[in-house]
Amino acid sequence: MPRTINTHLLFTAISPTGEILAYDSDPPMLPKWLNKGDNTWQLIAATLVGLQSMPGLVILYGSIVKKKWAVNSAFMALYAFASSLLVWVSVGYCMAFGEKLLPFWGKAGPALSESYLVKRSSLPATAHYYNNGTLETTRVEPFFPQAAMVFFEFTYAAMTVILLAGSVLGRMNIKAWMAFSPLWLIFSYTVGAFSLWGGGFLYQWGVMDYSGGYVIHLSSGVSGFTAAYWVGPRLKCDKERFSPNNILLMITGAGLLWMGWSGFNGGQPISSGISAAISILNTHICAATSLLMWTFLDVIFFEKPSVIGAIQGMMTGLVCITAGSGVVQCWAALLMGIVSGSIPWFTMMILHKKSALLQKVDDTLGVFHTHAIAGLIGGLMTGVLAVPELCDDNITSIPGQKGTAYGGGIGQMFKQLAGAMFII
């Protein structure tokens, strides 16, 4: 008699000659549309993004502040990660990626039922039609279940909230943060996500934001700056002497952030194809270039390098490339790294000290410079440098998208500016 293994458990079998056969062509619980490679990569990418926040930003925040604020800062990140998940699966995901309610918002609803989570995912959830009734933008249906999409997009949402927290470290009451963070996720993040990614009016109009230069970084940078204004400054003694309490742990947290960006940008194509590979390579080229550029400027103007400056440069590079990592060439990523390592350096190190407004707002980690400025630069440069062929390979793009340098015209730059203003 031939030996067999329970195919309902392992989906393998052994032939009469003892050979191990391939997976069953139609195993139980695996629909024909499921691509195991895409599903695996999406879950890995989501885990990498999750590790950027927990423990990446938890470690970074807990070590970059003064010792007396270490636990509070780390707890703010930890709480935001946990609370964001419950908000996301309760109402947030559908508001950001569900059926259209308003041009900038989806219909609120839970993403918790088995019938919803095991079905094939879709992005955007609502097809778009011209006024004459003909189809303009179809629903994209990736080859993995809705559960993978919900979890992947959650890690983006949670990280955005935690990035915002960097502006108010060192003086925000944890109870106030416990109320603020879920409310901001519902009433601010979901609006930007639906408008630019979920099939909203900016998505249909053709504003390009590949992986969150606007949705995540511009929104967190501007919101953090606004929050810092209303919360008020740190005590004078804290502000003047606010050195890191553990530099090695600070570098460790930054390293987790950098390496996790492979999932952050590499997971955005929602498939394990060419776009993911290009996106990851561009991400690291831009980050490395920006880090070196920031460090060189520190040496030229201040006569010594700074490890905190290097981390800031790494961050601005990662943020800048996010808007276009999968749709620009590698030489463009190099150029974006040079720009992201210099303009935010200038606004933080030079302009900030001369501006009365910037001096008035106590943005603890300079999130306005590292995320808002860098995110805006990335979005505008993407509008110039996006390659038509790479845009076409990104299945979530509007057909025919291309940068100004490749025939997109000045209209694409206007769209990028208008999209940024809406997020701000």
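We count from 1, first residue shown onward.
Every residue, even glycine, has its Cβ placed from backbone N, Cα and C.
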Task = Have a look at 41-64, 305-328 and point to the one annotated transmembrane segment in TrEMBL.
result = 41-64
Ask   = List, by number or range, the same-chain residues at least 6 past the transmembrane segment (244-261) whose CB is under 8 A from its CB atoms?
value = 48-49, 51-52, 55-67, 70, 283-284, 287, 307-308, 311, 314-315, 318
Query = Does the transmembrane segment (41-64) come near the transmembrane segment (147-170), with 3+ Cβ pairs under 8 Å (pairs 6 or more apart)?
reply = yes
Best-contacting stretch, by C-beta pairs under 8 Å, relative to the transmembrane segment (214-232) and drawn from 76-98, 147-170, 273-294 = 147-170
Message = When you look at the transmembrane segment (273-294) alongside the transmembrane segment (76-98), do they share 3+ Cβ pairs under 8 Å, ignoring any pair fewer than 6 residues apart in sequence?
response = no
Request  = Sort out the residues at least 6 away from either end of the transmembrane segment (182-202), same chain, that have Cβ-Cβ distances under 8 Å to it, and list them.
outcome  = 83-84, 87-88, 91-92, 95-98, 100, 103-106, 123-126, 128, 137, 153, 156-157, 160-161, 164, 209, 214-215, 219, 223, 396, 418-419, 422-423
